[in-house]
Amino acid sequence: MKQPVRVTVTGAAGQIGYALLFRIASGAMLGNDQPVILQLLDITPAMDALEGVKMELEDCAFPLLADIVCTDDPGTGFKDTDYALLVGARPRGPGMERKDLLEANAAIFSVQGKAINERASRNIKVLVVGNPANTNALITQRNAPDINPRNFTAMTRLDHNRAKTQIALKTGRTVNDITRMTIWGNHSATQYPDLFNTRVDGQPAIGLVDQAWYEETFIPTVQQRGAAIIKARGASSAASAANAAIDHMRSWALGTDGDDWVSMGVHSDGSYGIEEGLIYSFPCRCSDGDWSIVQDVEIGDFSRGKMSATERELAEERDGVKHLLP
Ligand SMILES: NC(=O)c1ccc[n+]([C@@H]2O[C@H](COP(=O)([O-])OP(=O)(O)OC[C@H]3O[C@@H](n4cnc5c(N)ncnc54)[C@H](O)[C@@H]3O)[C@@H](O)[C@H]2O)c1
């Protein structure tokens, strides 16, 4: 049996946490041979609820679950941790402007970045789920200057999975037939799901649908899916978000399949002309616990316009919290 690794989950008492922790403990994220120690971080008022989640985890008698730590102290939550899923975030309250939301989250993620810098494993892999995910990831990264900036990522895998299913449904195939999906940019309504490079059974997806459906139905459906779920369910997506977080970390830790790729919000190195340093979603392949941006993906004028729009939004979000970045 391998040595246990430490996995920190913030916002562990929330609804995504509830859909996430049991799957991490069962081996779905890091494999059936990898024991885990769960380090669960939430705020003080959530400690009773978190204790209840811990009791349920214990009651599952998961063979891979080596220990559970519950805490409201970031220093304890991130101590020696190998993987961190930053789910807890401040939701938008009534009358709250976008700027207020960015600032409230900047406060949370700067504290967590500092704790990661001081306490976590130097090889930590960080996934930010809490919104605005890309900018929260940037804030966390900037507050952890001793850790490689490539170790901080933001989740666009839910958008990626949504887009795969939408094109599979349209073309009468299954998700197994869909490869090379890409979500470019921000996890927001400006994200750009690219069908020019997606393959359906090896054929370019764009050739199987008409441009009007692509622009007027597919793109808005993927971009607005989160809002559609809130409207239908009366609560935001939780199980599908948890599933995407598992997929993201599993791909990063254990690798992507063959010549397929996945979408990850990662530190831009200037690829495709995207401003260096932004946390931007690119097509990525993973192996040996590392990711790389897939190069030479075809970019036409339509894609370029959409990629630039979502890049501009990310630059604006960053500028909105500039005074809070070290
Ligand atoms: N990237 C994506 O695709 C995606 C998808 C769905 C949801 N989300 C985001 O994920 C986040 C969590 O969603 P949820 O439905 O689980 O929300 P939730 O309100 O059910 O749970 C959030 C939890 O975070 C905790 N929390 C708040 N501040 C904290 C802090 N400073 N430290 C630790 N914990 C803290 C809260 O106490 C709560 O338990 C939201 O920001 C949501 O917008 C992202």
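For all residues, glycine too, the Cβ spot is worked out from N, Cα and C.
Per TrEMBL, these features apply:
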type	residues	note
ACT_SITE	H187	active site, proton acceptor
BINDING	G11, A12, A13, G14, Q15, I16, G17, N105, Q112, V129, G130, N131	NAD(+) binding site
BINDING	R92, R98, N131, R162	substrate binding site
DOMAIN	5-152	domain 'Lactate/malate dehydrogenase N-terminal'
DOMAIN	156-322	domain 'Lactate/malate dehydrogenase C-terminal'
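Structural mapping of features recorded in TrEMBL.
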{"residue": "G11", "record": "NAD(+) binding site", "DSSP (3 states)": "coil"}
{"residue": "G17", "record": "NAD(+) binding site", "DSSP (3 states)": "helix"}
{"residue": "R92", "record": "substrate binding site", "DSSP (3 states)": "coil"}
{"residue": "R98", "record": "substrate binding site", "DSSP (3 states)": "helix"}
{"residue": "Q112", "record": "NAD(+) binding site", "DSSP (3 states)": "helix"}
{"residue": "G130", "record": "NAD(+) binding site", "DSSP (3 states)": "coil"}
{"residue": "R162", "record": "substrate binding site", "DSSP (3 states)": "helix"}
{"residue": "H187", "record": "active site, proton acceptor", "DSSP (3 states)": "coil"}
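When the C-alpha distances from G17 (NAD(+) binding site) to the recorded positions R92, R98, N131, R162, H187 are tabulated, the minimum falls on N131. Take the Cα of R92 (substrate binding site) and measure to each of the binding-site residues G11, Q112, G130: the nearest one is G130.
If you take every residue in the domain 'Lactate/malate dehydrogenase N-terminal' (5-152) and average the pLDDT, you get 96.
Highlighted here would be the binding-site residues (R92, Q112, R162) whose C-beta falls below 6 Å from ligand 1, but none qualifies. The least crowded of the binding-site residues Q15, N131, judged by other CB atoms within 10 A of its own CB, is Q15. Pairwise Cα distances among R92, R98, N131, R162, which the record gives as the binders of substrate, peak at 25 Å. A count of other CB atoms within 10 A of each Cβ picks out H187 as the most crowded of the recorded positions R92, H187.
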